[in-house]
Amino acid sequence: MASEKVETVIAGNYVEMEREGAPKSSKSKLSKFFWHGGSVYDAWFSCASNQVAQVLLTLPYSFSQLGMLSGILFQLFYGLMGSWTAYLISVLYVEYRTRKEREKVDFRNHVIQWFEVLDGLLGKHWRNAGLFFNCTFLLFGSVIQLIACASNIYYINDNLDKRTWTYIFGACCATTVFVPSFHNYRIWSFLGLLMTTYTGWYLTVASLLHGQVEGVTHSGPAKMVLYFTGATNILYTFGGHAVTVEIMHAMWKPQKFKLLYLLATLYVLTLTLPSAISVYWAFGDMLLNHSNAFALLPKSGFRDMAVILMLIHQFITFGFACTPLYFVWEKFIGVHETKSVLKRALARLPVVIPIWFLAIIFPFFGPINSTVGSLLVSFTVYIIPALAHMITFAPAAARENAVERPPSFLGGWAGLYSMNVFVVGWVLVVGFGFGGWASTLNFIQQVNTFGLFTKCYQCPPRKA
C-alpha cells in the first residue's frame, strides 16, 4: 500500500505538467509525439542510445590490447556492474525525490541532478564530490564525442585535417544549447539507436566478408600497460550512466526505471560483442596502431553510410553529455527556471567553449577514453553510487523506511552491501589503480609521439 502511495506522489507532478501544457491542435500533438518523451520506452531508448556511441569503434582496439577471451569477459563483467550501479543511482533518486515531495517540494520547473540527490541524502561534502566528478566526466565525455566526429569524417573527406574538422563540428554541436531537456530527445534517442545498430552490424559483416588479412597475428595480451588500458576503455563503455538521474527525471514515472539500464545493456552487448570480435579476428594486431575501426575497413558506400550515421549519433550523444552541464551552469547563474528557451540557450553557450578547446588540445581518439574511464568514470558511476547507497541506508531506520528494498534473490540488505563492497574494491584497485596507471602512461606516450594540438592524429602520410 505504501509503495502505491509513493508512486502516486512521484507521478503526480508529471501528470499535472502534461495537463497544464496539453496540446490543443494536431500540430502540437505531432510536436508532442516527436519532441516530448517520458515513457519507459523513451528512457530505454535514451539509455541504449547513449550507452555506446564512438566507443563502438574503439572496442576492437581494446580487444587487440586485451586478447579475445579477456575482451569478451570484461564486456560481460562491466556490463553487469554498470547495470548494478545504475540501479543503485535509480534507488537513491527515488528515495531523495520521495522524501522531498513529502515535504511538498515542487520540481515542475526544476531538473533534479545527481549532485542534488547526494546533497539531499548525505550533505554538502558528498554533493561537492559528486558535482566535481560528474561534471568533469561529462565535460570530457563531450570532448570525446567531438574528437570522434573529426576522426570519423576524415575517412570520408581527408581534404581537411582532423583539427579543422574539430573546429567545424564544434560549431555544429553548439546547436544542442537549443534542446531544453531530456524530454526533448525522444525522436533522437530512437534514431540514435538505429544508427549504432547499423554501425555495429556493418563492422561485423564487413569484417567477416573481408576475411583475415595476410599474416594476421593475435598476440594480445602482450603488455600489462596495454592490458589495463583496454580494460578501462571497456569500463568507460559501460559507465555511460552519468546521466541516469536526468533521464529518470524526464520520465513520467521514474520509479519504473529500475531494470531498464540492464535491458539496455543486454541490447548493447548484441552490438559490441559481435563487432569487436569480428574486427579483431580480421585485423588482429594491426588494431594496436589504429584505434578507430573505420581506418582498417575498405572504403565503400556501406562504410560511408556508417560514418555518416555515427557522425549524427555523436552529435546526439554530445547533447546527452552536455545537457547536464547546461543544467548545472543554468543553476549557477540563476536562469534554470526561466521558461524562455532562447534565454537559456544563450546562457549555455559558454559551456561549449572549453569543450571545443580541449578537443583541439587532446585529439587522441581511443587512448583518451581509457584515461577518462580510469580517473573519472571509476568514481562517478561506480565507486560514489555504491558508497552513497551503503551510507544512506546504514541507519536501521533508513532501511526500515526505504522506498525501494533490495531484491530478495540477493539475500536482503546483507547481500546488497556485499555487492557494493565488491564493486568499490574492484573498481578502486583494478579500474582506478591499475587502470589509471596504465591509461595515464599510454596517454603520455601519445602526447610524446604526436604532441598536443596535433593537426591529424593517426593520419596516414599523404601521397606525394
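Positions of Cβ are set from backbone N, Cα and C atoms, glycine also.
The domain 'Amino acid transporter transmembrane' annotation in TrEMBL covers 36-427.
TrEMBL lists 72-94 (among others) with the feature transmembrane segment. Outside the transmembrane segment (72-94) by six or more residues, the chain places 6, 10, 47, 59, 66, 112, 114, 117-118, 121, 230-231, 234-235, 237-241, 244-245, 248-249, 254-255, 257-259, 261-262, 265-266, 268-269, 272-273, 276-277, 381-382, 385-386, 388-389, 392, 403-404, 419-420, 423, 426-427 with a CB less than 8 A from a CB of the stretch.
Long-range contacts of the transmembrane segment (131-153) within its own chain (CB-CB distance under 8 A, at least 6 residues past either end) are made by residues 53-54, 57, 113-115, 162-163, 165-166, 169-170, 172-173, 242-243, 292, 294, 307, 310-311, 314-315, 317-318, 321-322, 324-325, 328, 354-356, 358-359, 362-365, 368-369, 372, 376-377, 379-381, 384, 457. Positions annotated as transmembrane segment by TrEMBL: 131-153 (among others).
Sequence-distant neighbours of the transmembrane segment (165-183) (same chain, 6+ residues past either end, Cβ-Cβ under 8 Å): 35-38, 46, 111, 142, 145-147, 149-150, 153-154, 243, 246-247, 249-250, 311, 315, 318-320, 322-323, 326-327, 341, 344-346, 348-349, 351-352, 355-356, 359-360, 363. Under the heading transmembrane segment, TrEMBL lists 165-183 (among others).
The feature transmembrane segment is assigned by TrEMBL to 190-213 (among others).
The transmembrane segment feature in TrEMBL is assigned to 225-247 (among others).
What TrEMBL records for 259-283 (among others) is transmembrane segment.
Within the chain carrying the transmembrane segment (306-329), a Cβ under 8 angstroms from the stretch's Cβ atoms is held by residues 46, 49-50, 53-54, 56-57, 111, 113-115, 131, 134-135, 138-139, 141-142, 145-146, 148-149, 152-153, 155-156, 169, 172-173, 176-177, 179, 181-182, 185, 188-189, 191-192, 195-196, 198-199, 202-203, 242-243, 246, 294, 336, 344, 347-348, 350-352, 355, all 6 or more beyond its ends. The transmembrane segment annotation in TrEMBL covers 306-329 (among others).
The transmembrane segment feature in TrEMBL is assigned to 349-368 (among others). Tertiary neighbourhood of the transmembrane segment (349-368): same-chain residues 54, 58, 61, 139-140, 142-144, 146-148, 150-151, 162-163, 166-167, 170, 173-174, 177, 229, 233, 291-292, 322, 325-326, 329, 439, 442-443, 446-447, 450, 452-454, 457-458, selected by CB-CB distance under 8 Å and a gap of 6+ residues from either end.
Annotated transmembrane segment per TrEMBL: 374-398 (among others), in sequence order.
Residues or ranges marked as transmembrane segment in TrEMBL: 410-434 (among others).
Across 225-247, 259-283, 374-398, the stretch most heavily in contact with the transmembrane segment (190-213), judged by Cβ pairs under 8 Å, is 259-283.
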